[in-house]
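Data block below; observations after.
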């Protein structure tokens, strides 16, 4: 404000009066500078009365009235000065100040510019003009005003610092930095410039330089409040919490009632884990500034951390009452609603937060997470990408986007996201765990184990990582601290169930651990409830279902839902069933949840079902369920359960009146939306019905089925070469199989038929005997040619016009035959030598994945091998990294390494066929061989099992019961060992049991898909009749034997 009283008008008064006027003018000026405006005005009025035309006095009066907010009086005296001297630039500038204060910015700017035209070197005019231009939004004009002032006086370090502030606000950080540096060069002790320069470095991410400059500012000016606050803020962001606290406390010593500083200090306490102290400090900030939404929001965060969720919710709501557009409170309140299960309200709040603040990265990420939970994967992906666009170093968003991409089957995209999250934040435990899961699903178990362990080092209390690590260790048979691991895993599940959290153990893995039946059922139930949560957001009204078959011309419509219509064990088991249903009474729909894999398995189901619908092309669960309902399905069959590719949300929507679990999942769904589980008396005894959420629906023999007779008919017959027999004919040293086997044998001379006695069924293998005819090729030139082909690794030879192929070369001869899609057309030779198996030993085998082996199972096997000296155990490298662990534990149990032989995993046809080479299969009691059990039994190899308490541990007993081989089912560990030892030491007994299995696989119902389909139809009709009569689902444990097609 121009207020000079210099250059007063000339006077003819005596010298004494002149001095008196001059002295009074100087006194008034000093009083003005000191802020004593009342005294300054009083003395100026004396001067004005003495000299009413003195422009210096008029300017000072204008300035005094301006400072006292008497704008009209200020304008009056400026106008008087202009009347006295129309060229007085300071008067125009003072008048501009009045206009600016009144908000009349254009008038103010015009007066400042007029002042500068009158006096081009008028520094205050430039400064005032710059301020007005900033207020008017003309930033570039303001910059030019400051530059003009500095051209006249380059040493104005305050003006240069102000110019730096303006440039910083414009984002021109390098130019701002140059201004601050020049100001410091001009005045090294100018604390404000040091602090401002610290702000620039902070904005540029140069944290340590920012800290240095803020510390320099407070050193120069120990009472510089803003510098202490800035220092505290940057130390807080750098997570140097102790020094941040010290800076904030110093600021509070300068300004004890500074609410924002109290709030920032509380944030540091919160980050330090001093939750109670943080809460108290937030409350102090609110006490000082009751209308402080940030403090309420942060207080709520601390209260939530302490577990006071209801109080936290109140605080978020208070913050929103104070500021309905407080984005952080909207976002954080949404988090609470989400945790409470109020998903729709959470979505509404997240969307509101984004309306208020579209560039809110955390809200985008949180909304995306909920959308992913609802199955809206594309929309979720869009919001994750927005979050990352806004915040390119947002590690959480990268990690969560990886989860979405993983669910969308984009494994490479997920891998890139997790890797990027870890690059941004190497200490991000969740990202390490997610990366581990990708490795786990890809079969890279060692990498998965390493990543899970890294996650647990970073975050020791991490149930998901611990339980997944436990599963990985189970996969590779790493039993280090096994008992302790199992105890901890059980305690984790117990705590999670008690707190109503989603358990970290997957339902499909629960059978591997010593969990109670109640826990296993509860784990499945939680996953079933997740499906309900996903479909509830669709707000679909319940479907209306028919009570009769009028609309389907009296036929029962059955819908099979699976992601495994293709090259998958489930299709290997049931692919013929859709085409075997009675077309007069059943209409079959197959709903594929996965795209066409191009295999014959898919083609067969597509061709033989009445209707085949690819639901993978309808990703929306609501629309897919609509399609099922429109098809008028009466019984909808869930063949996935909680296995990969499942869409249980379809069943949660209940598009069919009856919904049943069948075949593909070895356990209960735990879901209210599944009515029945198709099982049998051996697998699911009625006395354990409480283990299931579904009602038990019994098949008369076994619920399990295999399509082996259709896929592998060439294994119905076999011939052997009499190789090193020493008078004893073995049926599993060198074996020939083929569709044309009989014709080939007829072309050979000297083929002998050896009669193999075998029990004729029943519990007692010695009760009665029948003979099986086994062709034996003697050692002659033909046999020698076959053996030479094997020894030399030849792919195929021709004998008497028949193609004889090496059993290891089926993939090279016919890949579709190797996968089981076609029946091999050649005679295939399978030998023990191909797999490094001893010719003269008893070969026990197990072809399951290694995760089904536990320490107690390996101990039983070791005991058996010790009791049968000339014996070996044949396992698969499934996975290969498990082999050294098994070998090490076996050696610790006293077994030499050569007693366990490992082979690689083989294509399906070879896998089934080579099972003939083993003498006995030793089943895994923890989780039986299900499909592999059927495979080995079709190969004619006896399987010893010991049923446990879970469905998964009783399937083999069900298969053997159906086969009529009860003598192979043990009731205890000791009996299991004794059965296996008797088979390994009593060769006549072994021969009889092998003959029985070889015969019964053809004559029993186990592999009879036509009979099985008829029995299944009868069960479906029971379900329908029960429903049509108006009854709720109930156990169906007295199935009717089928004598003719239902």
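For all residues, glycine too, the Cβ spot is worked out from N, Cα and C.
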Of 991-1010, 1011-1030, which span is tagged region 'Required for phosphatidylinositol 3,4,5-triphosphate binding' by Swiss-Prot? 991-1010
Feature motif 'Nuclear localization signal' in Swiss-Prot, mapped to one of the ranges 436-452, 470-486, 487-503: 487-503
Out of the recorded positions 399, 989, the residue with the smallest number of other Cβ atoms within 10 Å is 989
Sequence-remote partners of the repeat 'TPR 5' (191-224) [C-beta within less than 8 Å, at least six residues beyond its ends]: 157-158, 160-161, 164-165, 168, 173, 176-177, 180-181, 183-184, 230-231, 234-235, 237-238, 240, 250, 254
Go ahead and report the DSSP secondary structure tallies for the repeat 'TPR 6' (225-258): helix first, then strand, then coil. 27 helix, 0 strand, 7 coil
Which of the three DSSP states, helix, strand or coil, fits residue 399 (O-linked glycosylation site)? helix
Same-chain residue ranges lying at least 6 outside the repeat 'TPR 2' (89-122) that approach it to Cβ under 8 Å: 1-2, 4, 55, 58-59, 62-63, 66, 71, 74-75, 78-79, 81-82, 128-129, 131-133, 135-136, 152
Students should find that the Cα atoms of residue 399 (O-linked glycosylation site) and residue 989 (phosphotyrosine) sit apart, in Å rounded to an integer, by 59
In the same chain, who gets a Cβ under 8 Å from the repeat 'TPR 9' (327-360) while lying at least 6 residues past its ends? 293-294, 296-297, 300-301, 304, 309, 312-313, 316-317, 319-320, 366-367, 370-371, 373-374, 390, 533, 536-537
Cβ under 8 Å to the repeat 'TPR 4' (157-190), counting only same-chain residues 6 or more beyond its ends: which ones? 123, 127, 130, 134, 139, 142-143, 146-147, 149-150, 196-197, 199-201, 203-204, 220
The average per-residue pLDDT within the repeat 'TPR 11' (395-428) comes out at 96
